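Database features (TrEMBL):
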- 27-513: domain 'K+ potassium transporter integral membrane' (DOMAIN)
- 63-81: transmembrane segment (TRANSMEM)
- 153-177: transmembrane segment (TRANSMEM)
- 197-214: transmembrane segment (TRANSMEM)
- 221-240: transmembrane segment (TRANSMEM)
- 269-285: transmembrane segment (TRANSMEM)
- 297-317: transmembrane segment (TRANSMEM)
- 337-364: transmembrane segment (TRANSMEM)
- 385-407: transmembrane segment (TRANSMEM)
- 419-442: transmembrane segment (TRANSMEM)
- 449-469: transmembrane segment (TRANSMEM)
- 475-492: transmembrane segment (TRANSMEM)
- 512-532: transmembrane segment (TRANSMEM)
- 526-777: domain 'K+ potassium transporter C-terminal' (DOMAIN)
Amino acid sequence: MEPESGVPNRRNPSQLCWVNLSRTLILAYQSLGVVYGDLSTSPLYVYTSTFVDKLETHRSEDAIFGAFSLIFWTLTLLPLLKYIFIVLNADDNGEGGTFALYSLLCRHAKFSLLPNQQAADEELSAYKYGPSASVAAPSPLKRFLEKHKKLRTALLLVVLFGACMVIGDGVLTPAISVLSAVSGLKVTENKLTDDELLLIACVILVGLFALQHFGTHRVAFMFAPIVIIWLISIFIIGVYNTIRWNPRIIQAISPYYIIKFFSETGKDGWISLGGILLSITGMLVPDPHDLFATVHLAFACVIYPCLVVQYMGQAAFLSKHLDSFQYSFYDSIPDRVFWPVFVIATLAAIVGSQAVITATFSIVKQCHALGCFPRVKVVHTSKHIYGQIYIPEINWILMILTLAITIGFRDTTLIGNAYGLTCMTVMFITTFLMALVIMFIWQKSVVVAAVFLLFFWIIEGVYLSAAFMKVPQGGWVPIVLSCVFMIVMFVWHYGTRKKYNYDLHNKVSLKWLLGLGPSLGIVRVPGIGLIYSELATGVPAIFSHFVTNLPAFHQVLVFVCVKSVPVPYVSPEERFLIGRVCPRPYRMYRCIVRYGYKDIQRDDGDFENQLIQSIAEFIQMEAVEPQFSSSETSSLDGRMAVISTRTVQSTASLVVSEVEEFDLSIQSSKSSTLQSLRSAYESENPQVRRRQVRFQLPPNPGMDPAVRAELVDLIQAKDAGVAYIMGHSYVKARRSSSFLKKLVIDIGYSFLRKNCRGPSVALNIPHISLIEVGMIYYV
């Protein structure tokens, strides 16, 4: 958390050191529940999924030793070596995941397909990463990828497919985790039927998804103790089983047993890798919301040793009980502690599901920020920890799909086949993106990137090929789910890009604006008009539609563009870009509001005041600094300036005062209809009328008369009222378009636009101040 402005930080270095250490330990504690809950519950079903099918005829001590050796080296090479020591070092300002790697690549190469990036975006403090700030010769491969749009589109499709697989993982993880946990009731004396177990699992799943609105922060603190108890339990049980049943299992750490395993099992052993890979499910590049040091600490010191010991103990038990594979985990538990461990296992399964559901929310938010997912309601669930979100629509869709999978399959083996294919596909894609990061961001040689890519692709390719063999036995589920989500994402991105390109190629010309004069050929009435557009430069075509259809327009016009930039967060000091459109007498400005892909657009009710203060600061800055006076020339847009909201609050451009408002506007209104509308709105929103911010010019005799006049016009316009103006757009394909394009635009994209959140709702625009003008886009 950043200290508040003006409050000095009086802590000495030793105190700061302890504060940072305690903060890291607390985050590591949370990460046990939120990040590693899924991975820690894998012992519930790994051996069952491995030996239940093809290896039924190979159930021997050597096969079990070989299976444990495979699990040990898989855990060591992929989660520990690849993710913890390599991939997590490529975090994007503390954020991880497929889209974090993609955003890094987009910042260091021209891979983005939306041409709304500006040079000012590269000056963001979060934009700079790694050694790329130094002057380096661009690689031929980088130039080749930037030059060919089809390759950049293919890269985006790969990233989207990985994101869709993570969303599919959010469906499969709760199903397999909860079903595996409650299956322990089958090994008790009072065995329950399959239908009764299914009913219990469905009740738990409904309760799990109902808990999501409390937020990751609360759930993490609530469930992290459960995961700690669970890890301690499986560690102790693993040690107990190893010592009691077969201490020789320690020898299976040697890779020799892997060679012996495949020599005995052959093709059946290769297919069984689909069960072995379940031991690393949940390692889909964690998204811990903060420093990755916490993730390193939690995995290397706690998760990894506990899992290795548990798998070792379970293998030792199975080597002496060759008929206990169906419920291997619960059969290996001593009778005296069965029920406590069963309760903890069920709760730990809920934790594992929570971890993936949280990651799904984050992925959907990132997809939306990059223009690849329809607008949805995003709720920020923590006031203290940024980036923790809840998406109601996605939550209930995941719940319905999870219940459908659970009721439809009723078998953890079939769900495990789908689950393994999902996780290995994401790992395969992550390895590819990481190789690009090594070349383009870390600026290592192609040889280093190729060695990394080939080494891990060979390992993951073997597992992936085994997982694809399970497609007929449940593996088709993630493919179908990913294709559905992929179609939704690509249709939305395609329609958004076509609409943006239409605006880009049909901008209002400078000659037309200058020909209208400062009055724009219509009556300019008091007030401020905020015209929302997706264009970061130029005047959108819809503005000419406004001018030709409205008899009057506001005295001050501000073109507002709310856009996402390929960084996780944009600090408040860098959020606003202010510039001028046309010469000073036109009173037309531009404001670009920048958000990162993890930022939440909060409705704090202070946007108007911050905007007015930022414009006033820009007017003053323009008069003092000559480089911003280019707006008086023939250019359409003047130079943009970063206006810090904290700097604005500390300067004296305007005097800000807060006064109480007592319905004076209602009493002074002569229209009874307006009075009733106003009173109804204020009764529903009492916080709106409690305080009102008023601006005044400070006494400054040396101020330029032109600057003073412009500031006076701005203050008077603010006092007269602010209107939000948006285009109610309809996007249609041209008549000459192909059938496929008409299908995508006229049916697919139109359906998504009609059924997602409206732009005014997503931007927190007050409905009573909204003006919409219809316009048809033929793309």
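Backbone N, Cα and C define each Cβ position, glycine as well.
Note: the stretches the transmembrane segment (221-240) and the transmembrane segment (337-364) are in contact (3+ CB pairs below 8 A, sequence gap of 6 or more). Averaged over the domain 'K+ potassium transporter C-terminal' (526-777), the predicted model has a pLDDT of 76. Most Cβ pairs within less than 8 Å of the transmembrane segment (475-492), among stretches 153-177, 385-407, 449-469, belong to 153-177.
Taking pairs at least six residues apart, the transmembrane segment (449-469) and the transmembrane segment (419-442) share three or more Cβ pairs below 8 Å and count as touching. Listed as Cβ neighbours of the transmembrane segment (153-177) (distance under 8 Å, sequence separation of 6 or more from its ends, same chain) are residues 38, 41, 44-45, 97-99, 102, 105, 111, 113, 145, 205, 208-209, 281-282, 284, 349-350, 352-353, 355-357, 359-360, 363-364, 366-367, 372, 398, 401-402, 405-406, 409, 412, 415-416, 418-419, 422-423, 425-426, 429-430, 432-433, 477-478, 481-483, 485-486, 489-490, 493.
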